[in-house]
Every structure is written in structure tokens, then in C-alpha cells.
Amino acid sequence: MLAILDYKAGNQTSVQRALNKLGIPNQITSDKEVLSKATGIIFPGVGAAGQAMDELTSGGLDELLKDLVQQKKPLLGICVGCQILLDYSEENDTQALSVIPGECRLFNPSWEDYEGVPIRVPHMGWNQIELKQDCILFKDIDPEAHFYFVHSYYPAPEEKYIIGETIYGRPFCSLHGREGLWAVQFHPEKSGRPGLKLLSNFYEYCKEVSDA
């Protein structure tokens with residue numbers, strides 16, 4: 001069973017609808033025992049980084065997440081959940097979870113697209129991922145596939161944790177982490193067939209690890 005972390009700052013219901021469509025058993029929960037026993041955890045998030053961290057820390061879920069990552073529990077962070085796995089976010093001057101070294105930065109509106117036009121902030125719409133490392137999440141996904149983004153801040157982890165990049169004015173990290181701990185800036189639950197496949201790949205990985 002996949003646990004969808006409920007901390008009042010996520011897009012839990014849209015993630016759950018996607019998992020239900022795939023027939024993947026899941027539960028939206030903030031119960032620490034349920035989270036600890038889950039096959040894997042999806043850590044969604046929308047809104048502001050500061051509010052998200054406040055909600056996590058108020059219930060002690062920040063320390064639980066760190067402990068579960070230390071125990072190699074598979075975890076997938078989405079959007080704000082992706083960003084606050086890093087050390088720091090410029091949004092609200094937020095000290096984050098420090099699970100992955102790096103920080104989250106505001107897009108520079110002076111960046112220009114391929115036509116020389118300044119980019120719009122937030123980055124909103126469909127874009128591609130260029131993998132910099134092999135990633136099991138992208139198994140059997142078309143390299144030309146597009147995923148849905150909506151964000152004003154982007155993750156900037158240490159280089160060795162960058163798994164995929166997307167171009168918006170210039171390249172930025174849109175997928176980071178390591179095996180068993182992944183963070184995506186885009187919304188797989190809103191990305192049609194490629195996004196559903198990514199979620200399915202995450203679940204299959206979780207089952208393999210659980211059965212090992």
C-alpha cells in the first residue's frame with residue numbers, strides 16, 4: 001500500500017485519483033504508524049514552502065520523514081514536496097528538511113526563451129524532461145513525453161543528485177534524488193499517460209523492495 005502524506009499542504013486527492021485509476025492500493029494519512037508500515041510514501045505539496053514546513057513540523061511529520069528516508073523507505077516528492085526535501089527554499093526564507101543537499105530558488109524573470117522573450121513566472125504548462133542519469137521511474141516512458149508544471153521556484157540540488165532537467169529560459173533541475181528517494185517538480189498525477197506510468201513504476205519499485 002502506498003501512503004499519501006496528509007499534512008494540509010498537498011494535492012492529495014488528485015494523487016489518490018491517479019493511483020485509484022491504476023488500481024494501486026493507497027491511503028491518504030498523517031498517521032505515523034500507517035506511514036511507517038506503508039510500502040512507499042508519496043509526499044505531495046502545493047502552495048508555499050513556509051506553510052508546508054509549518055504543517056509538517058507542527059505534527060512531528062518532519063522528523064518522521066527524515067527517519068523513514070534514513071531507513072530507505074521509498075519516497076516520491078511532488079512539487080512543493082520535491083522542493084522542501086532540500087536544505088533551504090528562498091520562498092518565505094524557509095529552512096527545509098535537509099534530506100537532499102541543495103536549495104530551492106525563484107525563477108529569474110530576466111531569463112529568455114528560445115525566441116528571446118523573457119520567461120513568465122510561474123512556469124505553467126507542459127514541458128519535457130532530459131534525463132542526466134538512468135531512472136527506474138522513467139522505465140518504458142517515451143523520452144519525448146511531456147509533463148505538467150506549475151511553479152515559481154525550482155530545485156537546485158548538488159549536481160550528483162540531479163537526475164533530470166527541463167528547459168525554461170535555461171536548464172533547471174526537474175527531477176532529483178537517488179535510488180528509492182525521488183523528487184519531481186512536475187505533477188505526474190496531472191500529466192496523462194506518462195505521469196500514470198511514472199506512478200506505476202514507483203509502485204512496482206516499492207513492491208520489489210518490500211519483497212526483497
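Even glycines carry a Cβ here, placed using N, Cα and C.
Residues or ranges marked as active site, nucleophile in Swiss-Prot: Cys79. Cys79 (active site, nucleophile) carries neither a helix nor a strand DSSP state and counts as coil. On its own chain, Cys79 (active site, nucleophile) has Asn11, Pro44, Gly45, Val46, Val150, His151, Val184, Gln185, Phe186, His187 as residues at least 6 apart in sequence with a Cβ closer than 8 Å to its own Cβ.
As annotated by Swiss-Prot, active site applies to His187 (among others), with the evidence given as sequence analysis.
Mapped onto three states, the DSSP output places Glu189 (active site) in helix. According to Swiss-Prot, the active site annotation covers Glu189 (among others), on the basis of sequence analysis.
Summarised as a single figure, the pLDDT of the domain 'Glutamine amidotransferase type-1' (1-212) averages 96. As annotated by Swiss-Prot, domain 'Glutamine amidotransferase type-1' applies to 1-212, with the evidence given as sequence analysis.
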